[in-house]
């Protein structure tokens, strides 16, 4: 609570919060002054009509009201000027408070006999408005409220204490006044504290939303570039539209549709050519590179290939290690797609040939091209990558594998489309791989017409480079040469356009500098000229938060009812939880206790009254017990189980709006009833001895005593208790405006009926008694309890009605800003579907450190390759399955189900890298802090291997469920390996996150040489898993391509059934 009572404004938000607070308090201040002015205007004719008096019969009342009308009209004019209000906030507030005090003492000491109960309600009005409607800080408001209370008590105590006729019952009345003022101060401070907290929360939500919106506007542009760089425009639009629809509908990752499949973004294209290219000799070269050199080398090479692809109207599909493949004829059909791919292949070979000649490094390019049809699109839910599938794609892959280094290897289908543009020669049978040999179709090698000329030109340069190479590592020499190509870095094009670093600062730095302070005589509109565009937007938002906006047309709110225009948002607002309800109830209980104390001080305390208060007291205790029962959790847990449900009661009240409304309404009605309960035990009419005609006042003074059943002094205090009843309605800040209007109107009618009709004779009797010694004299208008009460009832009614609407507006505004901020944050989902969460901030956004390529080396990463070899046999292209589309639909289900495992907390450390056909690649240990592994022992640093094993088993379980529903018998073949890797992002046109290293290569070999239903690991990984409690058994020594003879192990688990791996 200490924060709630801190002086305004907080230093860290000095400029914007000062302006915002002034604007938010201007409206209630204007309403306060307007109510006083209108009451002064209406009071004169209304009182004359109601009392049947001439206005001139009460000159003191007429003079006081006219002076108040003139003074407060002047103050209204000053407060309505925004410039003056911002410049003279505290002096103007102090002047209004002093004017109200002067008016109160004017009413007190004019118009007749001064009594202890006189003008208590008006001073209560002053106290409450100081807190709720004047733009003062909490400390200033509390000081004004306490001074107002003490001044009334001291002035009347001193004035009446010296008058013998007034000393009777003086102390109980002053004590009752003190209770009233104390309750008024507490209620006012409570109301101000909650409103300031709500205002501060709304202010921060608005600025956070603006900050987020500005940042997201930039990030959306970046995401648009990113999506369009990895996906064709039509597919990016389609996927983005569905994501936004899913977010708006609040659905899960799997949208509800007529079938139970995930959305499939795959289409068939005919008349395309597919190019596969592999850098021969790169694996050996990469083993000599540092992480930075490796990522730079790959980015330069593939960046150059991307430039060549763009020149020849080809689309890069994916990078697989050092393998590059692209397609021509996507997404738009091109008649020259075969020629485009062949030209690109030749240019790639020339680029590598120049590199080899210039550096002397023994690398080459092997290219394969085939023409046909493909299925293209995106599968899975995470780490989207545009891909192509078909038998023709498989054939193009084998064309590269069975090709010749430095040559472009094409099929007969591609040759037919070249139409003689290039000379070719038959490829020898010895170059064919088993797949091509089994196919039996002739293949061809394209003859490069420029190869001989380039070899002659490059001879001298090659000799020079070879001399330099004697003093430099081949990898370093190659890196130096590749830098001259100047390939663009990933996301470089995003860092120069609307950089978030320059546009997303939440508050301008100059707002906090001592040299730049707010001249409060200037309005926000005047400041617009001094501030830049970004700062001016903050003031625009602040002006939108002004409570006067509730009376202007809005696209979010209904002008009259303040309901949200969107029915769904209105429903969400009304159903939102309200944990603060218990505090509303507690403060209302304080009002009830104040009423009880006052009644005990000024009434004769009949038994019926005590019984009524006892029952009500028990009902309040029951309500508070229910509201605060969550704080009894520890106590209840130690008790019997039959009481464990008690803490859930407070949660039920906080989350059930219907129950809250019922309890709130019942609580307010109880306070209303108990405020006048003492009057309900009195007769509605009686013969008052003081009102008998022609009776000597001396006789009354000597022979008649007030009966105990007629406590006249309680009449004005019952009226004051009614005012507290009005205040109790303002304590429920989140209660709807229409319900507050209904309750306030009900209480206004009931109170006026009691004091002006059924029990008006009591007020007349009290006045007659006070003035019995002054025949012919009549009290002033505000000296009669019934008239005084009616006037103050109307004043409090209209004042609280205005505050209720303002509270409703700010509660709804706070809800609206929170919802907008939440929606804007949800829109960032796209980025995490392209890059790992720990990588994206370093490449895009305000956290981007520099223009260097992203690369990171890790000492211990576990890499998984999980393939479904049976899918290759399952895949077929026929009219029945729409040329393979339905087969891919099933693969999409499999990959999507695999992706859904990543959202489970236990697999939060698993990072999906990519999919390669029906092979799933993932890694653990990539989100560890770099360098952390070297500071810990091996067992602890590689503890995430167990997570990867559990993930592999979960993949098998998922596949088993799919088999059950699709009537298939797919089985996983999994390879695991752990060790050092290099991670990075390469490719400017299509940024792609990947990992490289011997660890990755061996993990891939563990999968390709594995056995269905088994997890194959290397000997080192087997030892690490055994230290974690897993059981492995030796498979023996097997031949692994590129690695020679390796001893491998199988993990003792069956991927075809669900369950955890066996642990020894």
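Glycine too: its Cβ is placed from the backbone N, Cα and C atoms.
The annotation transmembrane segment is assigned in Swiss-Prot to 29-50 (among others).
Look at Swiss-Prot and you will find 61-80 (among others) tagged as transmembrane segment.
What Swiss-Prot lists as transmembrane segment is 94-117 (among others).
What Swiss-Prot records for 120-138 (among others) is transmembrane segment.
Annotated transmembrane segment per Swiss-Prot: 141-162 (among others), in sequence order.
For 170-190 (among others), the entry in Swiss-Prot reads transmembrane segment, with the evidence type sequence analysis. Taking Cβ pairs closer than 8 Å, the transmembrane segment (170-190) reaches residues 5, 115-117, 120, 123-124, 127-128, 130-132, 138, 141-142, 145-146, 148-149, 152-153, 156-157, 160-161, 587, 590-591, 594, 597-598, 601-602, 713, 717, 720, 724, 727-728, 730-731 in its own chain, all 6 or more past its ends.
Taken residue by residue with DSSP, residue 278 (Mg(2+) 2 binding site) is part of a strand. Sequence annotations record features per position, and here Swiss-Prot assigns Mg(2+) 2 binding site to 278, 279, 322 based on sequence analysis.
As annotated by Swiss-Prot, ATP binding site applies to 278-283, 320-322, 366, 914, 994-996, 1001-1005, 1041, with the evidence given as similarity to another entry. For residue 279 (Mg(2+) 2 binding site), the Cβ neighbour count at a 10 Å cut-off comes to 25, with all displayed protein chains included.
Sequence-distant contacts of residue 322 (Mg(2+) 2 binding site), defined as residues of its own chain at least six apart whose C-beta falls under 8 angstroms from its C-beta, comprise 278, 279, 282, 283, 286, 298. Here Swiss-Prot flags 278, 322 as Mg(2+) 1 binding site, drawing on sequence analysis.
According to Swiss-Prot, the transmembrane segment annotation covers 583-604 (among others), on the basis of sequence analysis. If one looks beyond the transmembrane segment (583-604) by at least 6 residues along the same chain, the residues whose Cβ comes under 8 Å of a Cβ in the stretch are 169, 172-173, 175-176, 179-180, 182-183, 186-187, 190, 194, 613, 616-617, 620, 623-624, 627-628, 663-664, 667-668, 670-671, 674-675, 677-678, 708-709, 711, 713-714, 717, 720-721, 724-725, 727-728, 731-733.
Per Swiss-Prot, transmembrane segment is recorded for 608-630 (among others).
Counting residues 6+ beyond its ends, the transmembrane segment (661-684) has Cβ neighbours under 8 Å at 581, 584-585, 588, 591-592, 595-596, 599, 603, 606, 608-609, 612-613, 616, 619-620, 623, 653, 709-711, 714-715, 718, 721-722, 724-725, 728-729, 732, 735-736, 739, 743, 747, 750-751, 754, 758-759, 762 in the same chain. The transmembrane segment annotation in Swiss-Prot covers 661-684 (among others) and is backed by sequence analysis.
Here Swiss-Prot flags 694 (among others) as N-linked glycosylation site, drawing on sequence analysis.
Annotated N-linked glycosylation site per Swiss-Prot: 701 (among others), in sequence order.
Residues or ranges marked as transmembrane segment in Swiss-Prot (evidence: sequence analysis): 708-733 (among others). Below 8 angstroms of C-beta separation, residues 115, 117, 120-121, 124-125, 128, 132, 169, 173, 176, 180, 183-184, 187, 190-191, 194-195, 198, 580, 584, 587-588, 591, 594-595, 598-599, 602-604, 664, 667-668, 671-672, 675-676, 678-679, 682, 686, 740, 743-744, 747, 751, 755, 759, 762-763, 765-766, 769, 785, 788-789, 792-793, 796-797, 800, 803-804, 807, 811 of the same chain, each at least six residues beyond the ends of the transmembrane segment (708-733), sit close to that stretch.
Counting same-chain residues at least six beyond the ends of the transmembrane segment (741-761), those with a Cβ under 8 angstroms from any Cβ of the stretch are 665, 668-669, 672, 676, 679, 682, 684-686, 688, 691, 715, 719, 722, 725-726, 729, 785-786, 789-790, 793-794, 797, 800-801, 804. What Swiss-Prot lists as transmembrane segment is 741-761 (among others).
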Same-chain, non-site residues whose Cβ lies within 8 A of the 278, 279, 322 Cβ center for Mg(2+) 2 are 277, 280, 282, 321, 323, 324, 365, 366
366, 1005: which of these binding-site residues has the highest Cβ count within 10 Å of its own Cβ?
366
Contact set, same chain, for the transmembrane segment (608-630): CB under 8 Å, 6 or more residues outside the stretch
581-582, 585-586, 589, 592, 596, 599, 646-651, 653, 663, 667, 670, 673-674, 677-678, 681
Three states by DSSP: which one describes residue 322 (Mg(2+) 2 binding site)?
coil
Contacting positions for the transmembrane segment (120-138) when only residues 6+ beyond its ends and CB under 8 Å are counted:
4-8, 21-22, 25-26, 28-29, 31-32, 85, 89-90, 93, 96-97, 100-101, 103-104, 107, 144-145, 148-149, 152, 177, 180-181, 184-185, 187-189, 191-193, 195-196, 716, 719-720, 723-724, 727, 730, 782, 788-789, 792, 795-796, 799, 803
Row residue 320 (ATP binding site), column other C-beta within 10 angstroms, all chains, value 17
Chain residues in Cβ proximity to the transmembrane segment (788-804) (below 8 Å; excluding those fewer than six residues from its ends, i.e. six or more beyond)
28, 31-32, 35, 39, 43, 47, 50, 119, 121-122, 125, 129, 132-133, 191, 716, 719, 722-723, 726-727, 729-730, 735, 737, 740-741, 744-745, 748, 751-752, 755-756, 763, 781-782
What does DSSP assign residue 1005 (ATP binding site), in three states?
helix
Give the sequence-ordered list of residues that share a chain with residue 995 (ATP binding site), lie 6 or more positions from it, and have CB atoms under 8 Å from its CB.
861, 863, 913, 923, 926, 981, 982, 983, 984
Give me the non-local Cβ neighbours of residue 1002 (ATP binding site): same chain, 6+ apart in sequence, Cβ-Cβ under 8 Å, ordered along the sequence.
977, 979, 1018, 1040, 1043
